[in-house]
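Features as listed in TrEMBL:
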ACT_SITE  GLU349  active site, proton acceptor
BINDING   GLU158, GLY312, ALA313, MET314, GLU315, ASN316, ARG867  substrate binding site
BINDING   HIS348, HIS352, GLU371  Zn(2+) binding site
DOMAIN    31-240  domain 'Aminopeptidase N-like N-terminal'
DOMAIN    276-501  domain 'Peptidase M1 membrane alanine aminopeptidase'
DOMAIN    586-914  domain 'ERAP1-like C-terminal'
SIGNAL    1-22  signal peptide
Amino acid sequence: MRRSGCLVVLPVLVLILPVVLAEYLLPGDVVPKHYDVRLVFDVDPRTNYSFFGVADILLDVKKTTSKIVLHAQEYTVAEDKVVFHGAGDLPAVTSVKLNDTYNFLTLTLNKELVEGSSYRLQIPFYGNLKIGLDGVYISTYVNKKTKLREYLIATQFEAISARKGFPCFDEPIYKATFRLNIGHHEEFTAVSNMPLFNTTKDNALEDVWSWETIAKKFRKDRAHFVWDQFENSVPMSTYLVAFVVSQFSYVESPPELANTKFRIWARSDAIDQTAYAANLGPRVLSHFERWFNVSFPLPKQDMIAIPDFSAGAMENWGLVTYRETALLYDNQQSSFLNKERVAEVIAHELAHQWFGNLVTMKWWSDLWLNEGFATYAASVGVAAVEPGWRADRSYALDNILSVLSLDALESSHPVSVPIDNPKRISEIFDEISYRKGSTIIRMMTMFLGEHVFREAINNYLVKHSYGNAEQDDLWAELTAATQRHGGLSRNVTVKQVMDTWTTQTGYPLLTVTRDYTDNSLTISQKRYLSLGARASSASSWWVPLRVLCEGETQTQQEAGPVQWLAAGEGTRSLHRFEHGAAPDQWVIFNTDMIAPYRVNYDPRNWQLVSRALASGHRAVPVLARVQLLSDALELAWAGRLDYTTALQLTSYLQKETDYLPLSTGLRALAKIENVLKRTPDYGAFQKFVRRLIGETYNRSGGLSSGMILNEDDLISVKMQVTTSSWACRMKVPGCEENAIALFDRWMESPNPDENNPIPLDLRRTVYCVALSRGSVRHWRFALERRRSANVAAARDQLLHALACSRDTWILAQYLEWAITEGSEVRRQDAAAVLAGVTRSTVGYYVAKDFIYDRIQDIYNAFSQGRRIGFIIKTLLDQFTTQKELDQFLVWKQKNEKYLEDARLAVEQGVERARVNIDWLARHRRHVVDRLRDFSSDFPELPYYSSRLNSEGIISTGNTQVIIVVNVMFGILHKTY
């Protein structure tokens, strides 16, 4: 045995599982080498957004065939114009057929294409664009300066919508170069992946689509149209092709910030909101060039804010497209949290320029190679350019906690997930691909060391540049780099370790039982599930172990090598270790949260830990406190730990001054809130939390201060925002009254669109409280402010607040708007509105009926399974009775056709509902009793009296009080 720190480990063995690829793929007999795509658009609703196009594709023949199969969707292929070009005896196209199920465009030829030869295929097409969110689509907005409605063309091709833009081989493995030529009215500007090569007045499609033909649709003079030709691209997958045709403006970043030309595009009336992105973007790009040790390969990088955009952003190579909230920042209207979001998304998308663009997964089964790396690298990029935010730690924590929640469901999926139907690809754009992918990459950097990890990543990127890879290619480079530096302990390979984390669903629960007579402990591992012990005994992992014994420092622990619990160990028999803690000292596993797993201890160790937290919690490292809080409350939720122990441990949060443990504890308690909030026992929960956070709420500034106390400190801002939100929900004395007073002051402002007295980061909480407690007058005031706002972040805060109303007719109207084209709710925001109403205590009943009665209209409005799945999952998460679930299952059976593309999300939602119902049946009475017991152990805030100042706010020590007589609410507000 070898001793390291306080833990000694013993040897063992491995698990390898196969990856199964999908069946619904193109045959691969011919592959594209280069595309010339010529398009001309009329961005005019009067002509129904007509367009014409030609795709000239240079093909390499890999296997002799008389058929060509590629993809096409949502336009008409001019069958009689589909031809081959070039010298010699060329084949003729005898038939053109489109399979709507998989969007296969099959061209039958009169002779075979010869293996090893190349051919140039020309496919003309035409159609009309639609207002939408994917493919090539129309977006619209009202210019705040001119008051005129303006239109633009945007693209969103990931995952399988490039085929909606032009005929193509729309699978990531078919990389090719692209040359785009885009015709448009001279009032517009086109931008694409590559720099502009030239602009001409000549119709670039004249050889196929004469202007005479085009003019019949466009009804416009050719003299007002121009054609922009862009440079040839590097080899890339079809889903990364992008272009935007708009009347936008741009700012160029200072050239000294990067070696690449950097531009930020936005609506002309929002161009003043681009300064932060213009400064941050090139700095992040430059940092990634150094971190990956691979230069950015394109001559320019554009980033553009689209008014209607389904995702947060899209990493199109050289032209990254964003929601406005994810790119634009205004220091007068955007909060600090908005600023953090902008930085995170920019860093995520720029990381994709290497992971996803330069090296692309072979098939969507390995989406995590794109999204997991970009999510992890975002924390690296943000930490480099905004070091005071500690993004490396906070992002890692947020990712791990999200993974531990979703991956505890039987209906979760592996990181590397077999996909047998392209329509299901959208389902895996979820927390497993993004957050679990990121979490296990962080795990690798920690057990390999950053130097080894970065060396391997550089080799991986260089070796597979402009090509495709799968996870085994990554494992090979990581293993090779590790072996050059001495290898891992126990002679295990990276593949052996990592396959247990990527090919299996879920994560392990380690059960640690100490023998207090001989400084030893035993560990068992088993897959953790929210609904109890139904996991297969075959599931086991290579688990990296870091263990801290009381009296040791975190530095001492991290100085030693990572130790391992091997796959297969601790499954059928307990695995024994030695440690260095005395019988009256605690032992804590996973203190740096190196990997996503939970740990349950014997009762005595839990008591030792709980005692340590209560007497001096700073002796326990911050991330260890996070892990303990998350584990204790989740294990109690699942019935593996008594709630008396869990709540006793949690009670130390009264003294917690670090944001990460406090927010983690509240996040775990939110599960209890969710199932009690519509029951008579909610008051007991509120009282417990009220006493838990009351002092911290006041200390952090709360709402009574009327300001952000430490506005330059992101962690301090988060503490104030989080405690304020919870304090108002838990009815901490004065919180809601302060919110209402601040909102009333805003309503009384002579120019509310320019003068808002509510602190930026507190607005979301204040708005929601005011609209939930207010009348229709307050709601309409907020709606009018949203209409007037020119900053997307400000509109977004009000969008969520409008769902806080308790008036059922208002909520019904809001839901109606969400599925009505041209209403107050943009299509990109519709799912957020439905989910926001569904989560509220009053809105839940309105939304449930609306979803059940209007599912066909919702389906037609969204046409994306992922968005419908999000709504249904949100609804199911609110269920607390078997009656509700039974009603849903009957409804689901009748409406399967609308839920077909959301199968995974619906399964996960149903499982979450069962978990809620099961918890209430097993734990409700006991937990409510314990909440009442613990609430009586520490005093609630007293009531004070003092003098009003001129603004209706009074201070007593560290507490401020607002006394407001509000006729609208009909009560005297007394606030502390």
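Backbone N, Cα and C atoms are what each Cβ position is placed from, and that goes for glycine too.
Keep in mind the model is a prediction, meaning the values are calculated, not measured.
The average pLDDT computed for the domain 'ERAP1-like C-terminal' (586-914) is 95. When the record's substrate-binding residues GLU158, GLY312, ALA313, MET314, GLU315, ASN316, ARG867 are compared pairwise by CA position, the greatest distance found is 22 Å. For the pair HIS348 (Zn(2+) binding site) and GLU315 (substrate binding site), the C-alpha distance works out to 9 angstrom.
Using MET314 (substrate binding site) as the reference Cα, a 10 A cut-off selects GLU349, HIS352 from the recorded positions GLU349, HIS352, GLU371. For ALA313 (substrate binding site), the recorded positions whose C-alpha atoms fall inside a 10 Å radius of its own C-alpha are GLU349, out of GLU349, HIS352, GLU371. Summary of the Zn(2+) site environment: with the site residues HIS348, HIS352, GLU371 set aside, the chain residues having Cβ atoms within 8 Å of the Cβ mean position are GLU315, GLU349, ALA351, PHE355, GLY356, ASN370, PHE373, ALA374, THR375, ALA377, ALA378, TYR434. Closest to the residue listed as 'active site, proton acceptor' in space, going by CA atoms and restricting to the binding-site residues GLU158, GLY312, GLU315, ASN316, ARG867, is GLU315. For HIS352 (Zn(2+) binding site), the spatially nearest entry among the binding-site residues GLU315, ASN316, ARG867 is GLU315, judged by CA separation. Other Cβ atoms within 10 Å of the Cβ of GLU371 (Zn(2+) binding site) number 26 in total over all chains. Under a cutoff of 8 A between CB atoms, and with a sequence separation of 6+ in the same chain, the neighbours of GLY312 (substrate binding site) are TYR322, ARG323, ALA326, VAL345. On the backbone, the CA of ARG867 (substrate binding site) and the CA of GLU371 (Zn(2+) binding site) stand 19 Å apart.
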